[in-house]
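Chemist: Below is the structure I would like to discuss, written out as structure tokens.
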């Protein structure tokens with residue numbers, strides 16, 4: 001069984017992507033209103049957008065679509081961890097244990113945050129580390145995709161590669177993790193309800209919330225399905 005080393009340095013090359021306007025206007029022309037996406041990019045500067053939340057919340061799916069909307073790179077922390085380790089996350093858990101995985105996860109996320117603006121999807125336990133939360137607060141805007149127990153269970157049953165759910169009682173494990181993690185996830189800058197609606201609707205809500213948070217716009221009203229569920 002071979003060992004491996006987690007990278008501690010920022011990746012060279014990739015970095016941030018610059019968004020150039022295709023609009024041109026004469027000196028006499030009036031400026032056109034900026035789009036929400038352009039406003040968000042301007043306000044972000046070198047910061048990233050980091051999605052946090054439970055497994056099955058849709059962080060990777062929503063993150064990819066949001067990155068396309070904002071013309072930013074999308075990065076999945078779990079994919080980067082597997083590339084750095086040269087093995088899958090279940091293999092890391094099996095061979096080295098959860099603590100070893102969490103330490104490497106924190107280093108990889110730190111490296112990714114140093115790489116410039118991007119949309120970054122993190123693993124469910126990443127935000128539980130205080131040092132990672134502090135780094136995200138410094139270098140990113142965080143969005144908690146909040147999914148309830150039933151939504152999570154419906155989604156995670158489709159996959160068998162969740163190390164923390166390899167137990168005799170997966171539903172009980174999800175209940176325990178929600179109890180432990182939700183108070184910490186609540187420290188994210190923004191919260192968006194993840195539920196069984198079209199993905200583009202969740203992306204639109206993320207864009208609206210980012211614009212309100214970063215640009216001082218009016219916060220969007222909760223969608224009808226979320227508001228009615230809260231009553």
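Cβ coordinates are placed from backbone N, Cα and C, and glycine is handled just like the others.
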Chemist: Of 39, 76, 78, 150, which does TrEMBL put in the substrate site with 102, 124, 181?
Modeler: 78
Chemist: If you check TrEMBL, which stretch out of 1-30, 151-180 is marked region 'Disordered'?
Modeler: 1-30
Chemist: Out of 78, 102, 181, give those binding-site residues positioned within 10 angstroms of residue 56 (ATP binding site), comparing C-alpha atoms, in sequence order.
Modeler: none
Chemist: Check each residue in the chain of residue 61 (ATP binding site) that is at least six apart in sequence and keep those whose C-beta is under 8 Å from its C-beta; list them in sequence order.
Modeler: 199
Chemist: Let me know the largest Cα to Cα distance in Å among the substrate-binding residues 78, 102, 124, 181, as an integer.
Modeler: 18
Chemist: By the DSSP assignment reduced to helix, strand and coil, which category contains residue 181 (substrate binding site)?
Modeler: helix
